[in-house]
Amino acid sequence: MRFTKMQGLGNDYVYLNCTGGLPDNLPELAVRLSDRHFGVGADGLICICPSERADFGMRIFNADGSEGAMCGNGIRCLGKYVYDKGLTRKTSLLTVETASGVRYLELFLRDGLVQSVLVDMGRPELSPPVKLMAAGRTWQAVPVSVGNPHAVVFCGGVDALNLAELGPALERHPAFPDRVNVEFAQSDDRGGLKVRVWERGSGETLACGTGACAALTAAARAGLVSRHTTVHLPGGELEVRWAEENGHLYMTGPAVTVFEGEISLENENYRCVREKNAVQ
Ligand SMILES: N[C@@H](CCC[C@H](N)C(=O)O)C(=O)O
């Protein structure tokens, strides 16, 4: 089975071209391929599927095998995959069907390859803040859905937080029966937003596209930042705009191919086909 490893701001996924059919047991495959010691190593698995409603379909599985409904960094890399591999010639209004609806992509090229991608992430849904007990403290969280569930916690000193303790406690808090992605957010003195993310099913990641959108939405609604700002994540920066005119979120950021390989699932034999930096 051929695969491509891609990343957006260090949020990395193994991509499978499933336009000709899906492999069996995707949750188990996601766990095996995501393993950073015995597998390829990734935050999860993304399948590029055929779609009757859009140019392509996307299914995303977290590193623990659970299926997510949407992935912001992942959908940008999917845009790069399908263009760079010649599966489409579209650079604007490229449509991708996800479990939370169809998303629209605009691709920006350099030297004929996709460098960055703008995604219309649709309209966010904000719920009233909730108070949650975790790790011996009370936290105020703003639930936001951007096609998948998030809880945004505003706090100072995000760099110093112990996410390994806080993340699992909030992800699995009884207030969120389906578990939740958690963003720890802090506005900076330049009008930007600093965010660390604990992802449902994958743990702390270097970035989360839907998480950046959820954090911007909650922060703009609270008057902490403007509706168009830079979100700083450990893996880099995303530009997010919450448009006044239609209430949609627009996210722009990079998409990178890391390497390509082949795996024989019977004997767990991995082979690198194209090395890092051989493809953009
Ligand atoms: N990393 C993604 C989100 C992936 C899915 C998420 N963990 C979930 O379970 O909802 C992003 O960039 O948005």
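Positions of Cβ are set from backbone N, Cα and C atoms, glycine also.
Features as listed in TrEMBL:
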type	residues	note
ACT_SITE	C71	active site
ACT_SITE	C71	active site, proton donor
ACT_SITE	C208	active site, proton acceptor
BINDING	N11, N62, G72, N73, N148, N181, E199, R200, G209, T210	substrate binding site
Problem - Of N11, N148 (the binding-site residues), the residue whose Cβ has the fewest other Cβ atoms within 10 Å - result: N148
Exercise for the section: Could you check which of these binding-site residues, N148, E199, G209, sit within 10 Å of the residue listed as 'active site', going Cα to Cα? Expected result: N148, G209
Completion exercise
Greatest Cα separation in angstrom, residues N11, N62, G72, N73, N148, N181, E199, R200, G209, T210 binding substrate per the record, works out to 16
Exercise for the section: Could you check what DSSP calls G72 (substrate binding site) once collapsed to helix, strand or coil? Expected result: helix
Exercise for the section: Measuring Cα to Cα, tell me the gap between G72 (substrate binding site) and C208 (active site, proton acceptor) in whole angstrom. Expected result: 7
Problem - E199 (substrate binding site) to C208 (active site, proton acceptor) - Cα separation in whole Å - result: 8
Problem - Remaining residues near the recorded substrate site, that is with C-beta within 8 Å of the centroid of the site residues N11, N62, G72, N73, N148, N181, E199, R200, G209, T210 - result: G68, M70, C71, G74, V197, S202, T205, C208, G211
